[in-house]
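The compositional bias 'Basic residues' annotation in TrEMBL covers 562-572, 664-680. Taken from TrEMBL, the feature compositional bias 'Basic and acidic residues' covers 574-595. Positions annotated as compositional bias 'Low complexity' by TrEMBL: 609-643. TrEMBL lists 228-261 with the feature repeat 'TPR'.
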Amino acid sequence: KMAAGAGAAAAAAAGLWSEVNRCGQNGDFARALKPVNKILQINKDDVTALQCKVVCLIQNGNFKEALGVINTHTKVLTSDVIAFEKAYCEYRLNRIESALKTIQSASQQTDKLKELYGQVLYRLERYDDCLAAYRDLIRNSQDEYEEERKTNLSAVVAAQSTWERVVPEDLGLREATYELCYNSACALIGQGKLNEAMKKLQKAEELCRQSLSEDSDVTEEDIEAELAIIHGQMAYIMQLQGRTEDALQLYNQIIKLKPTDVGLLAVIANNIITINKDQNVFDSKKKVKLTNAEGVEHKLSKKQLQAIEFNKALLAMYTNQADQCRKLSASLQSQSPEHLLPVLIQAAQLCREKQHAKAVGLLQDFADQHPANAAEIKLTMAQLKIAQGIVTKACMILRSIEELQHKPGMVSALVTMYSHEEDIDSAIEVFTQAIQWYQQHQASQTRGANPKSPVHLSLIREAANFKLKHGRKKEAISDLEELWKQNPKDVHTLAQLISAYSLVDPEKAKVLSKHLPSSDTMSLKVDVDALENSHGATYVRKKAAKLTGDNQQKEQGQGEVKKKKKKKKGKLPKNYDPKVTPDPERWLPMRERSYYRGRKKGKKKDQVGKGTQGSTTTGSSELDASRTASSPPTSPRPGSGAAVSATSNVIPPRHQKPAGAPATKKKQQQKKKKGAKGGW
């Protein structure tokens, strides 16, 4: 019975194995698990069955379950037996360090393990070791995967160029595929060769379309999805070239395609945020969500992830989320204690809160702790001091940066600030220290010889010009002599030197003036007339008019007689009467005339309408007692209408005030008051 039972079990196992084999050949690994599990029920420690189960689980994407099977059967599944499968599961579960240990602990390094080793080194960003591993694989392997290995090799070179700023060597790879073209473009971007990189990407796009269009099952959407990463890199080049509008348009087109690559989406979203800066913050807050997608941290390099975190902190600052900004920048500083950006972000946030002194203190502490990065921090500190208006303190901070003291830009900045503070002595001291540094530096390099570099000579000239400008001619003489000594043919320097000596030592100036070129040797081809008539001339000579015969005779005589100007006849009033004698007091103000009696109050009261609109007041004069026959007549004014002869009814000009003038004036005043009231 026992023999019969064993035979039946063996027959059942054989049938199960044949089914496993058939499923494996068909690629149906999910169905293959059933017979494998039945075999393990018969013999739970069957090594082959356990290996098959692990492979089926890996093929179905169940990496965690496969690794669990390996770890629970360590006595049977030793590292020699299943090292590759274990390392691969760890790699796919993003346990990269564990995968590296598993590969290194394997007793035999198979080709499969070497391939995986290269991938693990790439994920760990150990690019030099990765490059060596792929070179060894390409050299010692001959199979259908050679093109893929070359693609991986070019990806390593591109990563070195981009993240480590290493000048890539020419691998001699034939760029026959769009992947190789793309990687080559990435390497060129790392070197700053943007135009060449754009051409490579355009070639990669063309190759990608050609290769994918050959497959009839591939749709246009599939092609666009595959091209998304190429278009993303094109947009990045546009952004680097300052074509932000074009870059933004292309970035948004890629996002609309909704690619499945979360790494690509995160990079594009981050780049859009950098374009927006402190503008369009609502769009940036939407885009930042794409950078938080699950699995992004496993798709991007450490520097890419760090850049995204920096931008998150800056976005928090721009959106006035002070606590969030401080939290993110503090976290970044703990991860990278020597990095400048976290401290600069914290200082910027403090400045936004008007805590400038605290910001300067924070920067000073960082500079003391990290002397290697002190220069950039001190430049920021100086900028903050200038913003506060403490220019002298800013100058002291800048002068404490020893490695930059002699740089022309630093010298120029210090001299400008000292000049603004009217501290000419300190400005001259800055020039002197920089010139001395170049003298010592060049003497040590040239072993006692004294040639001057262009930068050194430029500093001496600037120092001399500055001293001359501020009346320090005695101090400028030594600089000018040094410049003339270096170039005796420099007439401009010689002229400056003579000018300086003319106030200090006139005899020396006379001696030096002999070195000036004579006027005969100076051939200046200048058209004086054209120069005087040019637009830039302050004085333009008028062209002499052509002389006629009469004018020529006048010039030949004793002199030209000035023409007498004809007096224009004065304009007379329209109602002027030549028969009437004008008022002799007409030029005097009305108040100063002998016949002025002052203004009569209430003179126009009788003209004010008291009825309905449009009614007349003809009867008002009849009711006035002053106008009755019993009242004495008023005495006429001199020259009034009563004294005019009966031959004329016209009122003489300027004899009396024009009738109705006061009433008109009063009306104008009323209008003005009304307008003023409306304006207030």
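Even glycines carry a Cβ here, placed using N, Cα and C.
Just so you know, TrEMBL annotations are computer predictions that nobody has curated.
Each residue in the repeat 'TPR' (228-261) has a pLDDT score, and their mean in this model is 94.
Residues in the compositional bias 'Basic and acidic residues' (574-595) partition by DSSP class (helix H, G, I; strand E, B; coil) as 3 helix, 0 strand, 19 coil. For the repeat 'TPR' (228-261), the residues of the chain that approach it from at least six positions outside its boundaries are 178, 182, 185-186, 189, 194, 197-198, 201-202, 204-205, 208, 221, 267-269, 271-272, 274-275, 290, 299, judged by C-beta separation under 8 angstroms. Residue counts for the repeat 'TPR' (228-261) under DSSP, split into helix (H, G, I), strand (E, B) and coil, are 26 helix, 0 strand, 8 coil.
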